[in-house]
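Comments concern the structure below.
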Amino acid sequence: MKLLEDRILNDGDVLGENILKLTFLTHQVDFELMREIGKVFAEKFKDTGITKVVAIEASGIAPALYATEALDVPMIFAKKAKNITMNEGILTAEVYSFTKQVTSTVSIASKFLTPEDKVLIVDDFLANGQAAKGLIQIIEEAGAHVEAVGIVIEKSFQDGRALLEEASYPVVSLARLERFENGQVVFKEADI
């Protein structure tokens with residue numbers, strides 16, 4: 001997605017060998033860009049029968065919400081912290097965050113997923129694939145089907161895509177980062 005790649009080049013900060021800071025996605029969200037991202041995902045998956053979009057809080061919510069709006073289906077986001085209102089029928093998975101270097105237990109209320117659901121997972125970044133893997137575990141535990149994993153930005157130099165594709169989950173990434181070179185992003189051809 002050229003619009004996204006241009007924004008990454010203009011506003012992205014490469015931190016070290018494998019971290020890209022993008023505040024338009026993770027802090028002060030650019031809703032117009034997120035709306036375009038949502039439309040692209042919706043166009044790609046409009047004929048697949050998607051019934052739900054699933055994301056993990058927090059940065060995955062914005063692109064997932066706009067994909068949900070464009071697909072006209074409900075969105076569910078996995079919570080990273082348990083609260084007292086989620087006290088029964090909870091599906092959980094352990095998820096390691098590459099950026100934060102911590103493991104979180106993410107959860108979704110089981111009543112929101114059924115065996116009839118065809119799910120599109122939407123996430124902001126794909127690095128080692130652990131967030132998507134955790135969501136897949138929860139979705140399949142509910143008996144629902146993962147139709148595809150939609151990624152805003154993929155770090156192609158890490159093994160997340162291979163992990164998901166080896167398990168037969170289609171991955172669609174709007175921007176694919178091949179490497180960082182001299183503090184700059186080098187792109188690989190995106191899926192869309």
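From the backbone N, Cα and C atoms, a Cβ is placed for every residue, glycine too.
As given in Swiss-Prot:
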BINDING   L20, T26, K155  xanthine binding site
BINDING   A127, N128, G129, Q130, A131  5-phospho-alpha-D-ribose 1-diphosphate binding site
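Locations of recorded Swiss-Prot features on the structure.
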residue : record                                              : Cβ neighbours (10 Å)
L20     : xanthine binding site                               : 19
T26     : xanthine binding site                               : 14
A127    : 5-phospho-alpha-D-ribose 1-diphosphate binding site : 24
N128    : 5-phospho-alpha-D-ribose 1-diphosphate binding site : 16
G129    : 5-phospho-alpha-D-ribose 1-diphosphate binding site : 27
Q130    : 5-phospho-alpha-D-ribose 1-diphosphate binding site : 19
A131    : 5-phospho-alpha-D-ribose 1-diphosphate binding site : 28
K155    : xanthine binding site                               : 24
Determine, for the xanthine site, the additional residues of the same chain whose CB lies within 8 Å of the mean position of the CB atoms of L20, T26, K155; present them in sequence order. G12, I19, K21, L22, L25, T99, D124, F125, A127, I153, L177
Between L20 (xanthine binding site) and A131 (5-phospho-alpha-D-ribose 1-diphosphate binding site): CA-CA distance (Å): 17
Cα-Cα distance, maximum over L20, T26, K155, record's xanthine binders, Å: 16
What does DSSP say about N128 (5-phospho-alpha-D-ribose 1-diphosphate binding site): helix, strand or coil? coil
Cα-nearest neighbour of T26 (xanthine binding site) within the listed binding-site residues, A127, N128, G129: A127
How long is the line from the C-alpha of G129 (5-phospho-alpha-D-ribose 1-diphosphate binding site) to the C-alpha of K155 (xanthine binding site), rounded to the nearest angstrom? 10
Shell list (5-phospho-alpha-D-ribose 1-diphosphate; ref centroid = CB of A127, N128, G129, Q130, A131; cutoff 8 A): V95, Y96, F98, L126, A132, K133, Q158, G160, L163
Cα distance, A127 (5-phospho-alpha-D-ribose 1-diphosphate binding site) to L20 (xanthine binding site), nearest Å? 11
When the Cα of K155 (xanthine binding site) is compared with the Cα of each of the binding-site residues A127, N128, Q130, which one is closest? A127
